[in-house]
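Engineer: Below is one structure. I have some questions about it.
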């Protein structure tokens with residue numbers, strides 16, 4: 001299937017190595033270097049130039065003064081690259097494997113047919129998630145830019161996508177780090193001989209508190225609550241002090257201190273760039289796998305564990321006839337791999353030019369999917385144990401979804417195991433490291449985008465810019481730190497990010513495969529890797545992946561999620577508020593399209609053609625070519 005781009009094709013690269021550039025003294029698209037990386041004459045956005053040394057004063061071959069000056073300005077340095085290839089892989093894995101892999105996949109799996117759910121999940125991964133993942137890695141590595149300035153080289157009219165991504169990242173940072181703060185509060189509370197969520201004798205407990213595992217004879221009623229549930233709801237969240245979304249109450253000083261510590265860790269992990277964050281992920285990306293292995297072995301030895309495993313994997317093939325199962329599979333793989341957040345573009349932009357991003361995409365996607373699958377065993381062996389201890393069905397124990405599955409059900413199970421303090425400490429440390437990895441990545445996507453777009457302002461002041469970003473995210477988190485903050489977290493999670501990111505990636509896929517052209521894109525990949533993507537990838541990028549995304553978007557719009565948290569049902573106006581928050585980021589795309597068409601000179605046809613045609617090196621402002629110094 002041969003496709004023709006809607007914009008004009010770029011001239012093929014003729015400057016393939018340092019010697020070629022030196023011979024011709026030209027500014028051309030850079031290709032692989034002999035060392036496999038970026039030579040000193042290469043500029044981070046994919047253009048290279050080395051001043052001629054063998055042409056003398058021949059006026060016919062002299063380089064224009066403006067170009068010579070430009071080269072002199074940028075020749076002093078290079079774009080930062082990863083210290084080691086494994087730093088990049090661990091960073092991508094740490095970003096893709098997050099808290100959702102632990103709490104969302106197991107729940108979605110058993111809700112949608114158990115083992116039968118793996119079939120639509122794998123299909124959606126092969127035809128939708130992995131192609132998009134591969135596309136973003138290749139784009140970032142070839143053009144060597146963040147999510148804003150990269151559009152000058154693809155299709156300038158869609159530059160608003162980059163600004164949309166930055167706003168979405170701010171919304172995510174506003175609630176995601178609050179969940180990490182909850183885990184940190186649990187971790188601090190775990191340093192006791194007896195975990196505080198095992199008893200009903202604390203100041204936050206109510207008369208309805210009933211301990212399943214008490215040696216006393218107890219009667220469980222419809223109004224009974226477990227100590228773990230009351231610890232989470234009344235002590236950590238203090239949600240009983242809020243009347244709902246319309247009155248979230250005051251700010252919890254305990255959670256505020258926790259999130260301040262979280263943001264401090266984040267700042268000193270990313271303030272110097274990927275060379276430092278690449279070292280931090282050696283701990284934050286590997287530690288969760290050590291803990292998951294320990295918990296898997298421990299869970300498998302618990303009484304009743306097999307009940308949980310059967311409940312998790314027992315296939316219900318009739319479920320595959322339901323549209324909702326396929327929607328959940330598509331949404332799960334998409335949000336698990338995480339294209340559309342600007343992170344993959346940013347991380348790949350620090351790779352060497354001929355790094356095998358195709359192999360990276362397959363390896364990291366496989367690791368992500370396997371982690372989700374194995375996490376199900378970690379969760380459900382413990383849920384089977386809980387069901388055995390309570391003499392209940394696993395479905396009754398597994399009714400909690402989202403964070404409650406971790407902070408109530410799993411926390412309660414850990415508290416009633418031998419060596420409970422040890423397991424609680426490593427479990428909540430694992431949650432914190434999983435969350436930190438994703439936050440490092442999300443903020444790096446924004447930082448790279450802004451520094452690449454405005455290097456003349458921020459290139460020499462990265463530390464101050466990162467500090468400004470972290471402080472902004474902290475103040476943005478204040479509403480989620482209130483007594484009703486959990487209501488805000490749920491609203492932002494469901495409406496502010498999901499639909500907006502889906503829209504971004506849908507437009508991105510169309511812009512790259514239809515406007516930039518899948519033929520040109522495959523040519524770029526061949527220039528980097530030495531081989532061109534096959535027909536499977538081309539068909540996925542042009543047709544299958546956009547349909548995959550459109551399918552999820554339409555499903556969401558037709559059946560928006562009904563918001564409910566604990567016993568609280570969200571008011572009707574909260575749906576409108578959610579859509580407004582989501583639209584506030586996506587509006588950047590049509591706004592920039594309008595701005596571009598209005599400010600571009602010429603007739604309407606000339607404006608459109610110029611706006612969808614990649615800019616040449618001489619058209620890109622000097623500020624966009626100057627080095628992102630870190």
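Backbone N, Cα and C define each Cβ position, glycine as well.
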Engineer: Using the annotation in Swiss-Prot, determine whether residue 445 and residue 568 are placed on a common side of the membrane.
Structural biologist: no
Engineer: Among 87, 98, which residue shares the serotonin site with 439, 494, 495, 556, 559 according to Swiss-Prot?
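Structural biologist: Candidate in the recorded serotonin site: 98.
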Engineer: Swiss-Prot has 96, 98, 101, 336 down as binding Na(+) 2; which of 145, 177, 316, 368 does it also list for that site?
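Structural biologist: For Na(+) 2, Swiss-Prot names 96, 98, 101, 336; of 145, 177, 316, 368, the listed one is 368.
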Engineer: I want to check the contact list for residue 94 (Na(+) 1 binding site): same chain, sequence separation of six or more, C-beta distance under 8 angstroms. What comes out?
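Structural biologist: Result: 281, 284, 285, 437, 438, 440, 441.
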Engineer: Minimum Cβ neighbour count within 10 Å among the recorded positions 101, 208: which residue?
Structural biologist: 208
Engineer: Do you know which of the binding-site residues 98, 437 has the most other C-beta atoms within 10 angstroms of its C-beta?
Structural biologist: 437
Engineer: Can you grab the distance from residue 98 (Na(+) 2 binding site) over to residue 434 (Na(+) 1 binding site)? Cα atoms, rounded to a whole Å.
Structural biologist: 5
Engineer: Can you tell me how many other Cβ atoms are located within 10 Å of the Cβ belonging to residue 96 (Na(+) 2 binding site)?
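Structural biologist: Taking all protein chains shown, residue 96 (Na(+) 2 binding site) has 26 Cβ neighbours within 10 Å.
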Engineer: Determine which residues of the same chain, besides 96, 98, 101, 336, 368, have their CB within 8 A of the center of the CB atoms at the recorded Na(+) 2 site, and list them by sequence.
Structural biologist: 95, 97, 100, 337, 338, 371, 372
